[in-house]
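K.L.:
Have a look at this one before I ask anything.
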Amino acid sequence: MSALLSADDLNDFISPGIACIKPTVTENRSQEASEYGEVEIQIDENGKPLEISKIDGATKNLSPAQISLADCLACSGCITSAEEILVAQHSHNELIKALKEKKTNNKIFVASISHQARASLATAYYMKVSDIDRLLVDLLVNQMGFTYVVGTGLGRKLSLINESQSVIERKEHGFQGPILSSICPGWVLYAEKTHPHVLSRISDTKSPQQITGCLLKSLTAHQLEVERDQIYHLSIMPCFDKKLESARPEQDPSLVSNDVDCVLTPKELVTLLDECKDKFSLTFDALSHSSGSLTDLYQSCAPANWPYVELSWSSDSGSSSGGYGYNYLQLLQSHLCLRDPQQYQPQNFRLESVAGRNKDIYELRLVYNDNQVASSAIVNGFRNIQNLVRKLKPTSSTTTTKTNPLVARRKARLSSKRSESGAQDVQQADASKCDYVEIMACPNGCINGGGQINSPTDEDQKLWVSKTLTRYGSIPMVDLSSDSSLTLELMAWCREFCINYNVPESRLLKTWFHEVEQPTDQAAILVGSKW
């Protein structure tokens with residue numbers, strides 16, 4: 001694997017198969033075959049395959065088989081994506097290539113930057129997030145020639161609102177058991193390929209990356225009076241799996257181009273700067289020459305028709321993965337108070353936190369007058385995800401569950417010790433019994449994504465992540481729950497956007513999932529199942 005992306009960089013990484021099992025698609029060329037007649041394949045002096053007609057000796061170059069990111073999404077040969085595909089189609093080299101071709105194809109370059117990536121870069125360069133924002137705008141706009149740069153805060157808030165509304169609606173219609181978030185593409189791919197029984201539980205709300213991409217391309221195209229496919233959107237994200245998310249096919253093909261053309265991580269951005277020192281740099285001179293407020297800076301690099309500019313660079317309460325579990329409960333509280341103000345008063349609500357078996361799983365409970373109203377859980381890391389999925393697996397009523405005798409004896413021993421000491425059972429988080437679960441594949445969540453910059457060799461990685469988390473927490477917060485009018489404003493603007501720019505709401509806000517069928521060819525199974 002490359003120096004940028006390796007198994008060591010990805011927590012709980014499950015190695016892909018040793019070879020791709022995707023079958024080669026043979027095109028139907030009956031008319032050409034009748035002209036060529038019988039053919040044979042030969043290799044020329046340059047090692048390239050040729051198709052040679054036995055009738056007249058005419059030759060034709062053969063196209064090599066290619067694997068795309070979309071192919072990876074539709075294949076069950078690997079649980080995670082092939083690294084070569086990620087590097088080939090979403091890499092800093094591809095961005096450099098696209099920038100070089102800008103003069104001939106007149107592409108318009110725009111970028112969006114996630115909160116976690118900003119925090120990671122600020123930690124790596126030992127500066128404040130506000131300063132790294134200034135340097136990133138200078139790099140992208142002044143040095144690379146990008147037309148617009150925005151934060152993903154607006155897309156995230158629309159995602160949070162849509163997610164919460166969706167969960168509330170499904171629960172009010174009697175949905176039983178937990179609804180699972182879909183913001184983490186690594187977790188979603190894992191579910192599609194190995195645990196299809198949970199797909200009906202997964203929310204169909206799009207991530208901030210994809211919502212931001214749809215907004216940015218549509219607004220830019222309208223303002224500059226160009227087609228969407230003339231716009232090249234770079235998204236800077238904390239995770240390599242975000243590259244795969246950008247390649248997911250849309251259910252609604254009305255918008256012709258992908259919402260995101262290239263995803264780079266902070267690691268890859270630093271590599272680009274190292275390899276192109278003569279052209280690009282996060283130059284500290286830009287700070288000394290940067291007068292004016294951050295608000296002015298954010299306004300200057302956003303499309304003129306981009307709403308809530310400062311909001312796009314603001315953060316949200318809750319976890320460093322976006323706060324989906326926390327915001328669901330806060331927005332549910334607001335919903336209950338608005339729906340039935342006689343029964344629910346805001347001052348009588350409180351939020352309780354319950355720890356799990358480890359620091360990567362915990363539960364939040366919304367309590368009203370000592371009665372639990374709803375709950376959400378935060379589950380990070382594949383080990384915790386696997387435990388949750390196992391609990392959610394349907395069991396046949398005709399089969400009896402066998403208890404491991406060792407486990408039974410251990411439970412009895414612990415119970416006996418508690419009885420002898422007079423200690424009470426301590427509550428422990430159980431995500432399988434919550435209303436909603438925020439799931440992220442990486443331990444510690446997105447702040448510790450596989451694409452985030454690692455600690456220097458002389459510094460502890462856990463301490464480094466803690467420093468990154470501190471910088472993430474320094475980003476100004478605008479809570480949806482603290483201002484109910486903001487939520488209503490955003491919902492109204494979203495509806496107007498969809499009408500004015502002819503974008504279906506489902507195209508902007510919704511995604512879809514499907515079971516990836518296992519291969520039936522025995523040779524493919526043999527090759528693709530070696531882990």
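Yeah, the Cβs are placed from backbone N, Cα and C, and that goes for glycine too.
The [4Fe-4S] cluster 1 binding site annotation in Swiss-Prot covers C20, C72, C75, C78. Residues or ranges marked as [4Fe-4S] cluster 2 binding site in Swiss-Prot: C184, C239, C442, C446. As annotated by Swiss-Prot, region 'Disordered' applies to 395-426.
Set these features in their place in the structure for me.
P.N.:
Under the DSSP three-state reduction, C442 ([4Fe-4S] cluster 2 binding site) is assigned to coil, being neither helix nor strand.
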K.L.:
Give me the count of other Cβ atoms within 10 A of the Cβ belonging to C184 ([4Fe-4S] cluster 2 binding site).
P.N.:
27
K.L.:
Once the chains shown are all counted, how many other Cβ atoms turn up within 10 Å of the Cβ of C442 ([4Fe-4S] cluster 2 binding site)?
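P.N.:
Result for C442 ([4Fe-4S] cluster 2 binding site): 27 neighbouring Cβ atoms inside 10 Å.
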K.L.:
Across all chains shown, how many C-beta atoms besides its own are within 10 angstroms of the C-beta of C239 ([4Fe-4S] cluster 2 binding site)?
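P.N.:
Within a 10 Å radius of the Cβ of C239 ([4Fe-4S] cluster 2 binding site) lie 27 other Cβ atoms.
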